[in-house]
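Below is one structure; the comments refer to it alone.
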Amino acid sequence: MMASSYNAKDEDGHHPGSVGSGGPGAVKSKKPDNTAFKQQRLPAWQPILTAGTVLPAFFMIGLIFIPIGIGLLVTSNNIKEFEIDYTGVDMFSPCFNCSQSYSWNSTSACTCSVPFTLDQPFESNVFMYYGLSNFYQNHRRYVKSRDDSQLNGDKSSLLNPSKECEPYRTSDKKSIAPCGAIANSLFNDTLELFYIHPNGSRIAIHLVKTGIAWWTDKHVKFRNPGENNNNLSIVFQDTSKPVNWRKPVYELDPSDPDNNGFINEDFIVWMRTAALPTFRKLYRIIQKKKDNMTPTLPPGNYSLEVIYSILEKRITKMKTQIKMLRFTVFLRSVYCQIHKLPELSMLKKENILILFFQLQNLTFISKFYLLFFCNYL
Amino acid sequence: MKLIGATAIEDKLQDGVAQTIEQLTKAEIKIWVLTGDKQETAENIGYSCNLLREEMNEVFFVAANSPEEVRQELRDARLKMLPDTEEDKFLIPETILGDTPKVVEDENVNGDYGLVINGHSLAFALESNMELEFLRTACMCRTVICCRVTPLQKAQVVELVKKYKKAVTLAIGDGANDVSMIKAAHIGVGISGQEGMQAVLSSDFSFAQFRFLQRLLLVHGRWSYLRMCKFLRYFFYKNFTFTFVHFWYAFFCGFSAQTVYDEGFITLYNLVYTALPVLGMSLFDQDVNAGWSLEYPQLYVPGQLSQYFSKRAFVMCALHSWYSSLVLFFVPYAATYDTARDDGKDGADYQSFALITQTCLTVTVCVQLGLDLSYWTVVNHLFVWGSLGMFFILTFTMYTDGLFQLRPSSFAFIGTARNCLNQPNVWLTVALTAILCVLPVAAYRFFYSQISPTINDKVQYRPAPRPRRTRLTRRSTRRSGYAFSHAHGYGDLVTSGRFLRRHAPARSMGLISTGRSPGFKPTGRSAGYSPVGREQNPKQKVEPTSLQMFRAVKDTSF
């Protein structure tokens, strides 16, 4: 091969032994394909951070977040919440006697009565929650301690629950139904609300106990064994109740077969373990009145009757129905926190709007600062 | 004597060699030439490739016959370059060195110097008592040309540089006599061509023309380094973020090692949700396109200085992950603390919390990858958005009724996706988390690129690139391109046995991955071709070495 066979335009890596491209027995060229994919020439979008894109983007984000923050702030201020702590640790609280004298084996339940007053009427549906603090439902061994097959109604798991339920798997040589530590620690305080009428009479407030669990939980995840057999005491006959329960599982709500056994909604709500050590769970719903004029809970004196069972710090909370709940209280403070906001929350709605309006008139620099302050929480 | 005829061999340099060498020199790559040719041929090559230049302060010639003379000449050259160097600062005494070889530091000299040393002298210079002196002197020069070098000596020179300098060496050659050098260097490049396939078969990379080296190093080498570093940084980031969240959750779950996420998510996170996007980034990413890479060889320097991934970069990545994990845990924590759904039912349960955190994490790392990607091809779009879509598809699939009925204990999260992701506050949480994690990074990068832009930033902000081919104007040398083959060959050197190894050389342990990359050696029988040349004066006295004659020509003609 002569030196002259190489020229500037020849970019091929031709094998020196290859003889042109015409011969039928020519050596196949090892040249890689000259496609855009293989030669790293694919068309592409190449964004770079310039002042013209970044600053308007930041500004837009701020502009979007501020109205969201305002919206959340306004909505969350419409939530009315009332909290009653009935743990009874304090010597002068109504439930002090119950909290001192309680033991696991006591047959008679201890009752106590907590009076309270509502200043503002609660409209629309009122949700009644019980809350626990420092109760670690998210402990790893606790979360594992259940048998989902058994709770789904599987017959073989009913009599032979999974090993995860240890040590709450069997008792008296019979399998426990439902097994596990979560079921064993079921919250079974009973709370009742009474309205004390100005003329002295006590009116019991009707509390709805269904519709408190997720639909998928109630209808798919939790199923009673024995399919449609309504006589649950026969279905559960070879099992024993959990150690710390007073009643077996088929007596959780004998009056309503659709709320008895594993599909009891209080039980389902409890089995949905909480994420954090301080939590609340829906207990009852107070339906709004048929005519939309009377508030569900008018202002006045009320009394909470407690049938005490487990000893943790208990809080009963009531909430009006809202669109965005407690979450919004946090979100609004993040989405648009200005120094004055904590004080703003004390103000009435009208004042809040006025203050926001005034803030819009700030100079550009302050707005910029506000923007970054919003963004860099 | 009756003159019957004359034979001449023309051996041209390939096209683009001079330009390539110039570009590589601009990229802070030191270039040495190791050739078996005669000294004048090698000098011609040097001048025609612009390795040796007229403007150089001096070109030292080391061609002595005894070790002491070689040492003296090297020492003289060194003292001329740096007059006040300490004599033995870098010279190790002749006794044993110790386990770790010392590193010869780079020394800055004022002015450009060249060194031409022939194989005979090199045989003395490569002995253990003089090799450091030689290396030190050679590294002070801008260009080193070793002529009349045997194949073994080529390998020895490469190994010397590997051993005592913190640098990556690349050897390029096209003949069978280059094989040992190619194998000795960190990176061996073979040029497939006239001289057969020996060099190609023993090399790491091979191509047909020398000028492709420019593209190999400045375009593909640079992109490869950039992609590798981005890949590593992002991989560490996403996994640290994923893991640190559990650390924060430990404070709230009684230190019981409860995972924040669903087990299915943990399995699929690295496998499905974040594997393809980062793969796409490490295959296709380009910060500066090929044309600009070739035009600005200075872009190569950050790779030599290991700027994109070092201990400092790793620590910054870990800090970034730490901050992201704080946001990724505490924003969902605060959002689910004491909350319920719109209809009053439970929204703060463990499964909803896990799902919210998973969604926040996946969206955040995808957005972070989007910020890292600077070259969005169709494939990248597909991978990134596809992975995010896969996350939602698989999540919904795993939480359906059907799979739950199949294995209740494995798919216990049934219904969570349906009940949790229809809450608008969940989506607001996801948006907030992603923005809080990514916005500071974007702002930091933006401010840094405005306040102290790197060369990459400066090049990126240029308008659309237009790669020009600058014709290198050959500096006029009035040197002759002709060489006379009347001097002795190097048979004496070969038969003297001087080049034989006396002991196993100390090889460097593993790859030295940092530092500058010198040691580029174009070989082959190509000689410089200078179109404008003056004829040699045939009346010059023929000296034992062609060197003297050349010098004489230089003195009288210019």
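Including glycine, each Cβ sits where the backbone N, Cα and C put it.
Note that the coordinates shown come from a computational prediction; the quantities given were computed from them, not determined experimentally.
Positions annotated as ATP binding site by TrEMBL: B:THR35, B:GLY36, B:ASP37, B:ARG148, B:LYS154, B:ASN177, B:ASP178. Marked as Mg(2+) binding site by TrEMBL: B:ASP174, B:ASP178. Sequence annotations record features per position, and here TrEMBL assigns domain 'P-type ATPase C-terminal' to B:200-454. What TrEMBL records for B:231-252, B:264-284, B:313-333, B:353-371, B:378-399, B:426-448 is transmembrane segment. Annotation comment: TrEMBL describes B:511-544 as region 'Disordered'.
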Q) Where does B:ASP37 (ATP binding site) sit in DSSP terms: helix, strand, or coil? A) coil
Q.
At a C-beta cut-off of under 8 Å, are there same-chain residues at least 6 beyond the transmembrane segment (B:231-252) that contact it? List them, or none.
A. 258-260, 269-270, 274, 278, 281-282, 308-309, 313-314, 317-318, 320-322, 324-326, 328-330, 333, 357, 361, 364-365, 368-369, 372
**Q.** Residues B:THR35, B:GLY36, B:ASP37, B:ARG148, B:LYS154, B:ASN177, B:ASP178 [recorded ATP binders]: greatest CA to CA distance in Å
**A.** 13
Q | Per-residue Cβ crowding (10 Å cut-off), top of binding-site residues B:ARG148, B:LYS154 | A | B:LYS154
Q: Have a look at the binding-site residues (B:ASP37, B:ASP178) and report the one with the fewest Cβ neighbours inside 10 Å.
A: B:ASP37
Q) Which state, by DSSP, holds B:ASP174 (Mg(2+) binding site): helix, strand or coil? A) coil
Q) Including all protein chains displayed, how many Cβ atoms other than that of B:ASP174 (Mg(2+) binding site) lie within 10 Å of its Cβ? A) 29
Q: Measuring Cα to Cα, tell me the gap between B:LYS154 (ATP binding site) and B:ASP174 (Mg(2+) binding site) in whole angstrom.
A: 13
Q | Whole-number Å value for how far B:ARG148 (ATP binding site) lies from B:ASP174 (Mg(2+) binding site) (Cα to Cα) | A | 16
Q: Would you mind giving the whole-number mean pLDDT across the domain 'P-type ATPase C-terminal' (B:200-454)?
A: 93
(Q) Quick check on the binding-site residues B:THR35, B:GLY36, B:ASN177: which one has the highest count of other Cβ atoms within 10 Å of its Cβ? (A) B:THR35
